[in-house]
Amino acid sequence: MASNVLNRYLFEDLSVRGELVQLDEAYQRIISSKDYPAALQKLLGELLVSTTLLTATLKFEGSITIQLQGDGPVSLAVINGDNEQKIRGVARWEGHIADDATLHDMMGKGYMVITIEPKKGERYQGIVGLEGDNLEQVLEGYFERSEQLKTRIWIRTGEHEGKAHAAGMLIQVMPDGTGSENDFEHLEQLTNTVKNEELFTLPANELLYRLYNQEQVRLFEPQNVEFRCGCSRERSGAAIVTVDKNEIYDILASDGSVSLHCDYCGTTYSFDESDVNKLYEEAASEPKTLH
């Protein structure tokens, strides 16, 4: 069974490239960090697939963040991924969300922000309205406006054998492509036939053969996708010592401990008075850096 993997492929005779992402554990880690409503779990899965497909286009070390903001019950949904396919995500909501809520039911009047941050170089940010019925159409609109390349995206979420899965495919005309409009439409029609179970379970080579067995498809080396939030007890301790000391000891006096919660993975780090004393002692003993 295919899981937590990104595959890139090329239609050699048609100047069209493709991507296939298949996620289970990475998706499950994100939606298990909070008691997300079913529709919001689905939206996070779609956003996760979208971000992974986008990070596959990175030709440098860096990260991409796709963020949805709106005035509906869901005020924020965000997924961050990097060129190594380390991903994390979180959403914020208020009130009841129906199981069959749509993108617009959840976000209301909103927009999508795509932020590309190279480790070296300038940060880029693009903002698009939530135009279209779903995230597929919003993202296709972004590609056509920003890259001016014909792009089609398929995103699916659901359960297989009792576990949550998210998967997606992308096909896009190459910038120097010589293929015809009919070629691209033909590939669209073939990809439209893909079934959820195939996307969730089949290895890339088998799935691509089922869809495109009459085409010359070159499949590149796969890349693993992994949930990684970046939190740690050490980072939490470092954050505590940046806060006013009196404020920290006031919290200790009233609550008995200072706690920091990671929204991405759901872990809570607690520090009692002896822990906090040790943090400040270690901070005081560190050599000062002169600027």
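Using N, Cα and C of the backbone, Cβ positions are placed for all residues, glycine too.
Annotated disulfide bond per Swiss-Prot: Cys229-Cys231, Cys262-Cys265, in sequence order.
Under a cutoff of 8 A between CB atoms, and with a sequence separation of 6+ in the same chain, the neighbours of Cys262 (disulfide bond) are Cys229, Cys231, Thr268, Tyr269.
The secondary structure of Cys262 (disulfide bond), as reduced to three states from DSSP, is coil rather than helix or strand. Sequence-distant neighbours of Cys265 (disulfide bond): residues of the same chain at least 6 apart with a C-beta under 8 Å from its C-beta are Arg29, Ser33, Arg88, Phe227, Cys229, Cys231.
Taking all protein chains in view, 18 other C-beta atoms sit within 10 angstroms of the C-beta of Cys231 (disulfide bond).
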